[in-house]
Amino acid sequence: MFPVPAAPDIAVSVSLPCLEEPDDLWFSENPADLEQAKVLCAACPVRRTCLSGALQRREFAGVWGGEILDRGAVIARKRPRGRPSKADLARDAEIAAARAEAGVA
Ligand code: SF4
């Protein structure tokens, strides 16, 4: 069983999407599942605290606070296995530029 994604310092007296949906959605190898988890996190009342805690703990993987973490850092999206297509690389560049312009890490 996966650890509960909620940061340990969060009082769980509210409804958290990651406690209501299957755990493996937040730690899936399938990029589409992770994108779905990100959408579910968007409505979470502790999203910012969750992300802050995950970054402090340098979580190795999973969706935390609506972001995908990879070895402690936020990544725009998880690539499927195999060599990325030119379309994937172009989309990654667009996402990185938009995040930089918005001041998002
Ligand atoms: S932001 Fe996402 S991972 Fe964090 S507690 Fe909320 S639903 Fe769970």
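Quick reminder: no glycine exception, Cβ is built from N, Cα and C everywhere.
In TrEMBL, annotation is done automatically, which means it is predicted and not curated.
Per TrEMBL, the feature domain '4Fe-4S Wbl-type' maps to 17-74. Residues or ranges marked as [4Fe-4S] cluster binding site in TrEMBL: CYS18, CYS41, CYS44, CYS50.
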Query raised in the report: Under the DSSP assignment, what numbers of helix, strand and coil residues are found in the domain '4Fe-4S Wbl-type' (17-74)?
Result: 30 helix, 10 strand, 18 coil
**Report entry** All-chain count of other Cβ atoms within 10 Å of CYS18 ([4Fe-4S] cluster binding site)
**Finding:** 21
**Report entry** Tertiary neighbours of CYS44 ([4Fe-4S] cluster binding site) (same chain, Cβ under 8 Å, six or more apart)
**Finding:** LEU16, PRO17, CYS18, CYS50, GLY65, GLY66
